Amino acid sequence: MEEVVVPRHGDHHNINIKYGFFIFALTIIQTIFFLQVKFIQIKRWNSTGRFSKFWSQITNPPIWLMVTVWLLIVIFTGGHKISDFSEEYIISAKRYGRMAYCLIPLNIYLVLRPTNSPLLKPGYYLENMSLHKWTSRIIVFCSTIHAAGYVYKWIKEGAILNKPFRFLNLLGVVVFVFLVVLAIISIRPFRRKVYSTFYLIHNVTAWSMVILITFHARPGVTVFAVISLILLGYQLYLRYYSSYMVNSLKVIDIPTSTLQIIKIPQSNKFPNWLPGSHIRLNYTISKFKSWTTASHPFTVVTIPEDSTNNLTLIVRKPNSFVINPLDSYLVTGPYPSLAPPFFTTANIVNIICGGSGISLGLPIYHHFKSINSTVPVKLVWTIRNQNDTFIMNQLDMTGVQVYVTSIGDTNSEQQENQQQAVPLFVIEEEEEEQGHGLLNNDNENGIELQNMPKTNEESSEANSTNSKNNKDNQERKEYFKFGRPKFDEVFAIDDPTTTYDLDNSWVIACGPDELISDAKRWSKDRGYRFYYEKYEM
């Protein structure tokens with residue numbers, strides 16, 4: 001027989017409903033606020049012709065500040081009007097459970113990816129990823145307090161072997177177990193090693209929490225459940241039904257390189273995109289993998305002005321995303337990285353990229369060279385494997401400064417052994433022994449830009465042209481240097497007498513943490529604006 005809660009707790013049964021609506025109202029206010037300030041930031045940037053650091057900081061406040069504010073809110077709300085915690089702890093425990101559920105719509109919203117939305121905050125969904133991770137942790141925090149309160153209560157009552165297994169209670173136990181497993185596997189080292197498992201557990205947990213807690217929660221949470229389901233449905237729509245189907249993908253590489261060039265036929269309906277934008281590639285809806293694995297983001301190297309029929313990508317060699325030229329795939333996007341006013345207001349642009357990070361720098365470089373040639377723009381690309389320079393034969397890299405940082409035999413295995421010993425960058429006149437060893441984990445840093453293996457047919461083609469590529473490799477040596485670039489040298493202003501508006505002077509970095517850190521420090525020392533992307537999961 002089910003426990004009758006109302007007579008036992010009186011009006012305490014419904015006392016927490018208002019706190020759930022309070023938390024949900026705050027999430028709505030936050031969402032509207034950031035939508036508005038992002039829109040204002042871009043409009044003001046367009047109208048004034050100057051980047052505003054103030055509006056940028058309002059649009060993207062420090063993550064520690066956002067997390068601290070939310071933690072203070074949930075802690076204060078969880079203990080509000082609790083006069084005797086030893087007697088009323090269960091009221092607080094229930095409240096934390098309700099607050100956790102009322103944060104779910106915000107957490108889903110933060111990972112929505114509307115395409116081609118350069119004026120909207122969600123259009124730059126990568127900006128929301130850190131907040132999504134920390135909101136998830138706050139949900140786990142609230143859920144843990146909720147669970148701990150009930151475990152304590154059941155132990156006191158001597159019902160710990162009974163009540164957790166009542167059907168409605170068991171639904172909550174199941175969801176909490178999922179949350180604990182997700183919290184553990186989402187720790188960065190685990191997540192990187194078993195990302196596909198993490199992704200599957202993440203989705204199962206999200207759907208389970210939305211659906212099962214609808215029945216578990218007493219009083220009900222129907223309003224929040226409906227909103228969450230609508231958002232999840234919209235997420236599926238964006239992933240599958242607003243996508244473009246493509247086939248006949250082409251892979252270009254050489255066996256000794258760590259990079260590949262991927263060419264994707266461009267759909268006639270695919271919209272124009274800003275330089276540096278990325279797409280996401282997924283299996284078709286009929287494939288089981290499309291439901292159990294994440295879609296894969298890739299930065300588009302080509303720009304609309306190239307007038308090609310392909311979307312060209314530069315990616316690292318494959319590990320999990322297998323491309324079959326006979327299969328069809330879904331492409332979603334484009335998703336902008338830099339806001340539109342950047343391309344019309346920048347008056348000096350310095351770009352530093354490591355490894356596959358060239359995929360961000362090259363289209364921005366090409367844009368200014370071909371569309372806005374009055375803007376001084378420089379691009380530095382650092383690689384460890386000399387054979388990666390084969391892409392210089394496939395793409396226009398005129399004027400790009402290329403540095404090979406692994407010195408010695410070009411054999412990829414030997415270069416791999418040398419990687420840990422070669423520091424890559426010198427900022428001003430730092431001691432060599434203080435080098436930061438950048439790019440030591442190039443494939444581990446940045447948004448999850450997974451790479452794709454070549455097919456047997458493409459492998460055969462690559463082998464047949466390997467000798468030609470080796471010859472080309474020797475010819476390319478005159479276009480790149482060995483060693484470490486110095487920022488002050490590679491980004492030296494051509495005309496020292498020229499002064500630039502620092503609000504519109506930029507440094508852009510794409511690569512691993514150390515590269516980004518050094519570029520940011522150099523940029524800050526000179527008062528430049530700074531933008532970066534790091535490729536990781």
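Cβ coordinates come from backbone N, Cα and C, glycine included.
What Swiss-Prot lists as domain 'Ferric oxidoreductase' is 97-213. If you take every residue in the domain 'Ferric oxidoreductase' (97-213) and average the pLDDT, you get 94.
Per Swiss-Prot, domain 'FAD-binding FR-type' is recorded for 187-363.
For 432-475, the entry in Swiss-Prot reads region 'Disordered'.
Here the transmembrane segment (20-40) has Cβ contacts under 8 Å with residues 55, 58-59, 73-74, 77, 98-99, 101-103, 105-106, 109, 119-122, 124, 221, 224 of the same chain, all six or more residues outside its ends. Among the features that Swiss-Prot reports, transmembrane segment is placed at 20-40 (among others).
Swiss-Prot lists 58-78 (among others) with the feature transmembrane segment, giving sequence analysis as the kind of evidence. Among residues of the same chain six or more beyond the transmembrane segment (58-78), those with a C-beta under 8 A of the stretch's C-beta atoms are 19, 22-23, 26, 34, 37-38, 41, 92, 95-96, 99, 121, 127, 130-131, 134-135, 138, 141-142, 145.
Non-local neighbours of the transmembrane segment (95-112) in the same chain are 16-17, 19-21, 23-24, 27, 30-31, 74, 77-78, 122, 125, 128-129, 131-132, 135-136, 138-140, 142-143, 145-146, 149, 172, 206, 209-210, 213, 217, 221, 224, 227-228, 231-232, 234-235, 238; each lies 6+ residues outside the stretch with a CB under 8 Å from one of its CB atoms. As annotated by Swiss-Prot, transmembrane segment applies to 95-112 (among others).
Residues of the same chain lying 6 or more positions beyond the ends of the transmembrane segment (133-155) and with a Cβ under 8 Å from any Cβ of it are 63, 66-67, 70-71, 74, 78, 89-90, 92-94, 96-97, 99-100, 103-104, 106-107, 110, 162-164, 169, 172-173, 175-176, 179-180, 182-183, 186. Annotation source Swiss-Prot lists transmembrane segment at 133-155 (among others), citing sequence analysis.
Sequence annotations record features per position, and here Swiss-Prot assigns transmembrane segment to 167-187 (among others). Long-range contacts of the transmembrane segment (167-187) within the same chain, counting only residues at least 6 positions beyond its ends with a Cβ under 8 Å from a Cβ of the stretch, are 2, 97, 133, 136-137, 139-140, 143-144, 147, 150, 194, 197-198, 201-202, 204-205, 208-209, 212-213, 215-216, 218.
Among the features that Swiss-Prot reports, transmembrane segment is placed at 194-216 (among others).
The transmembrane segment annotation in Swiss-Prot covers 221-238 (among others), and the record cites sequence analysis as its basis.
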Per DSSP, how many helix, strand and coil residues does the domain 'Ferric oxidoreductase' (97-213) have?
-> 96 helix, 0 strand, 21 coil
